[in-house]
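Residues or ranges marked as region 'Disordered' by TrEMBL: 1-27. Annotated domain 'Glycoside hydrolase family 38 N-terminal' per TrEMBL: 61-195, in sequence order.
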Amino acid sequence: TNNMSDPRRPNKVLRYKPPPSECNPALDDPTPDYMNLLGMIFSMCGLMLKTCPTVQPNMLNVHLLPHTHDDVGWLKTVDQYFYGIKNDIQHAGVQYILDSVISALLADPTRRFIYVEIAFFSRWWHQQTNATQEVVRDLVRQGRLEFANGGWVMNDEAATHYGAIVDQMTLGLRFLEDTFGNDGRPRVAWHIDPF
């Protein structure tokens with residue numbers, strides 16, 4: 001509801017806060033939510049610990065986490081997303097993302113990248129030469145190209161059956177295991193586009 005008691009902010013929205021619980025004080029303790037947030041942050045930092053440059057003491061150290069989130073079918077078909085067709089609907093050409101990421105990683109050894117959607121990565125991988133595949137295997141071995149989640153897609157969590165989630169995760173993780181062995185195993189899972 002709007003707070004009409006403050007004339008300086010007539011459109012201020014008041015957020016719902018549950019009433020304090022006299023019976024269970026743990027419900028009022030923000031520590032569990034805070035710890036969940038810290039856990040997420042530390043798991044992402046843990047992902048990067050092996051490959052992050054050493055931090056500089058007494059300086060602000062900024063860690064950028066370049067990563068993908070490429071829909072495997074939403075506004076366009078899988079082929080249209082991969083090849084960059086029908087960019088008037090949405091500008092996307094996933095094959096060019098992967099081409100440019102590999103070039104950028106090779107150009108600067110301090111760069112890192114996290115890839116998510118194995119459906120696109122697999123398609124791109126099978127179009128590469130043996131030499132390019134060896135270069136990519138080496139980047140994965142070094143931890144400079146990492147995989148998060150590991151599923152074929154980043155699935156919808158709200159309108160799907162658990163069997164579909166298990167199947168698509170199995171397909172993606174099997175590709176990573178067969179292609180990169182233990183080096184390609186994701187160390188963190190995330191869903192950054194939840195429904």
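Keep in mind that glycine also has a Cβ here, set from the backbone N, Cα and C atoms.
TrEMBL labels come from automatic prediction, so no person has curated them.
The domain 'Glycoside hydrolase family 38 N-terminal' (61-195): residue composition by secondary structure is 65 helix, 7 strand, 63 coil, according to DSSP. The predicted model assigns the domain 'Glycoside hydrolase family 38 N-terminal' (61-195) a mean pLDDT of 90.
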